[in-house]
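Below is one structure; the comments refer to it alone.
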Amino acid sequence: MAESQTGGGGGGSHESGGDQSPRSLNVREQDRFLPIANISRIMKRGLPLNGKIAKDAKETMQECVSEFISFVTSEASDKCQREKRKTINGDDLLWAMATLGFEDYIDPLKVYLMRYREMEGDTKGSGKGGESSAKRDGQPSQVSQFSQVPQQGSFSQGPYGNSQGSNMMVQMPGTE
């Protein structure tokens, strides 16, 4: 994983075959990838307690996840540039995922984004803050630590990654 990328992947526009922008030329590996400890922790959630993950599997997943994030973010960034905006928001990412063919993930992510904004007090999606309607009405928001989201695609739920449940639990940010 220490070798540098010199071809089709680098986090740029997926149509250009790579990112040739000045900011991508001197990117360190630690800045390009999510921390391996985080990747490993997420991967272990789908294994039995005595399950092991090979180092190369963790590194491969680390690279794939980082490339996926760059792919979706690049599409959202292109949209924002066309609209002459500088900030990518959650709605832009959902649009990018739909555009790139990841429709099965849109509905659960919309629910997650809505509940996240409720917790953050942002109902407009602008990222500028503000109060949710429940707070304005003097009522506390009824967002639980875990939100049930309808299952989409082939996402597995069970502790061993093989159950066929119809819902998945999503931990909301800030409730750990």
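Every residue gets a Cβ built from N, Cα and C, even glycine.
Of the candidate ranges 34-40, 90-96, 111-117, Swiss-Prot annotates residues 34-40 with the feature DNA-binding region. For the region 'Subunit association domain (SAD)' (61-72), the model's average pLDDT works out to 95. Secondary structure by DSSP for the DNA-binding region (34-40): 5 helix, 0 strand, 2 coil.
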